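**Q** One structure, pasted below without further comment.
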2 protein chains.
Amino acid sequence: MSETEPRLAFEDNEYLPAVAQDADSGEVLMLAYVTPEALERTRETGRAHYYSRSRDELWEKGATSGHTQHVEEIRVDCDGDALLYLIDQEGGACHTGYHSCFYRTIDGDVVSEKVFDPDDVYE
Amino acid sequence: MSETEPRLAFEDNEYLPAVAQDADSGEVLMLAYVTPEALERTRETGRAHYYSRSRDELWEKGATSGHTQHVEEIRVDCDGDALLYLIDQEGGACHTGYHSCFYRTIDGDVVSEKVFDPDDVYE
C-alpha cells in the first residue's frame, strides 16, 4: 500500500536522529543525526550519510574506514522526527571494532561481536 | 564479561535519545528521549520511562493507553550518548495503532502491522 510521502520535521529541528539497523539480523548498530542534505545524499547514493554535530559537517559512514552502510530501506516515524535506516554493514559499525555501537549493557557487559581491530583501520 | 559501567553523556546533553526495540522480533518500535531521572525510573520499575521535550515532563510509556514496555535490557552506545531499550511491548508502541512508530517507508508505504484502534484507547 502506497500513501503520501511522510512529512519530515526539519522545519522544527536542524537535524533528526537516524537509527541504523542491520537489515538481516535486526541488530541496532548505531544512532547518528541527519540534515536534509545528508538524507538526500543517502537517497541518491544508497550509502548512509550523516551529519556530525560536533564537527559541523556532512559525513559518509565508512569514507575513512571502508565500513560503508548500504541502505536497503529508509523508514520514518509517526511524528516525522526520527528515521530508521535498514542497512547492510561492511565491516563493523563501531569505531571501537564492534559490529554494533551498542556493544555494552548499562551494567558494562559486552554483548556485541568484535569484528575488526581499530588499529588496523584508523591511523 | 563484565566491565565498568559505561559513562553516560548527560553532562553535555540535557537528554539522550533512547531507541526501543522489540526484544523478540527485533523490530525497532520508537525513539524517544530520556533524562537521568527517566532512566533511573526505568531501571527501578522495569518499565520504560521517557522525557517529553515538548511537554517538559517525565512520562511512563503506556500510563494512559496501557501499552506498557517491559524492559529486558538497556544498552549504551560507544560514546554514551544514545541508549537502546530491549523491550516486551504490550499492545502497540505507536499512538496511531501500529506496532511500531516506524510504520512507513520514506516513500509512504506502510510496513508495520496495525494492532489496535486508537479511538478505542485514547479519548
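The chain as shown is numbered from 1 upward.
Each Cβ is built from the backbone N, Cα and C atoms, and glycine gets one as well.
Copying in the features that TrEMBL gives for the protein in this structure:
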- A:Asp77, A:Asp79, A:Asp81: Mg(2+) binding site (BINDING)
- A:Cys78, A:Cys94, A:Cys101: Zn(2+) binding site (BINDING)
- A:30-103: domain 'Phosphoribosyl-AMP cyclohydrolase' (DOMAIN)
**Q** If I take the alpha carbons of A:Cys101 (Zn(2+) binding site) and A:Asp79 (Mg(2+) binding site), what is the distance between them in whole Å?
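**A** That separation, Cα to Cα, works out to 25 Å.
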**Q** What's the CA-CA gap between A:Asp79 (Mg(2+) binding site) and A:Cys94 (Zn(2+) binding site) in angstrom, rounded?
**A** 28
**Q** Fill in the CA-CA distance, A:Cys94 (Zn(2+) binding site) to A:Asp81 (Mg(2+) binding site), as an integer in Å.
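**A** A Cα-Cα distance of 24 Å.
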**Q** CB neighbours of A:Asp79 (Mg(2+) binding site) within 10 A?
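**A** For A:Asp79 (Mg(2+) binding site), the count of other Cβ atoms within 10 Å is 18.
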**Q** Count up the helix, strand and coil residues in the domain 'Phosphoribosyl-AMP cyclohydrolase' (A:30-103) according to DSSP, in that order.
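**A** The domain 'Phosphoribosyl-AMP cyclohydrolase' (A:30-103) comes out at 10 helix, 30 strand, 34 coil.
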**Q** Just to confirm my parser: what is the rounded mean pLDDT across the domain 'Phosphoribosyl-AMP cyclohydrolase' (A:30-103)?
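**A** Within the domain 'Phosphoribosyl-AMP cyclohydrolase' (A:30-103), the model's average pLDDT equals 97.
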**Q** Tell me which of the binding-site residues A:Asp77, A:Asp81 sits in the most Cβ-dense spot, judged by other Cβ atoms within 10 Å.
**A** A:Asp77
